[in-house]
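**Student:** Before I ask anything, here is the structure I am working with.
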Amino acid sequence: MPDWKENLRCSFCHKKSGEVEKLVAGPGVHICNECIGLCGEILEQERHAASTEPRLPVWETMSEEQILDHLPKIAAVQAQVDDNLRDWVGHLRGRDVSWERIGASLGMTRQSAWERFRSET
Ligand SMILES: [Zn+2]
């Protein structure tokens with residue numbers, strides 16, 4: 001398995017690609033077969049529950065400790081998405097696509113794109 005593929009993780013459970021059967025890619029995120037299975041179960045349960053009550057925001061049901069425990073998971077996904085974005089931009093740079101076009105695609109100036117994504121080497 002190439003390095004980049006080995007380092008991919010499920011954005012939901014954070015397992016590495018080698019620890020699960022399959023990772024499905026979205027824009028900057030990935031989901032593993034196990035989490036897809038869990039999503040299927042949740043949808044199935046909700047279909048049977050037939051509740052019409054609006055859902056509370058998830059943090060309304062959580063303790064402060066649980067919310068604090070959740071923060072590093074969100075930060076890890078953010079880091080994963082940042083790395084992924086950097087890889088995609090790096091690939092475009094490898095094709096000699098200008099910072100101007102990359103910036104325009106991301107709604108930022110050429111200068112901002114360069115400052116954010118230029119390689120340190
Ligand atoms: Zn997963």
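Glycine is no exception: its Cβ is also placed from the backbone N, Cα and C atoms.
Small disclaimer: the values here were computed from a predicted structure and weren't measured.
Pulled the feature table from TrEMBL, pasting it below:
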- CYS10, CYS13, CYS32, CYS35: Zn(2+) binding site (BINDING)
- 1-51: domain 'ClpX-type ZB' (DOMAIN)
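Are these features on the surface or tucked inside, and what touches them?
**Tutor:** Following the DSSP three-state reduction, the secondary structure of CYS13 (Zn(2+) binding site) is coil.
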**Student:** Within the chain of CYS32 (Zn(2+) binding site), which residues six or more apart in sequence place their C-beta under 8 angstroms from its C-beta?
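**Tutor:** Residues satisfying the criterion: CYS10, PHE12, CYS13, LYS15, VAL20, GLU21, LYS22, LEU23, VAL24.
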**Student:** Since the record lists CYS10, CYS13, CYS35 as binding-site residues, which of them has the fewest other Cβ atoms within 10 Å of its Cβ?
**Tutor:** CYS13
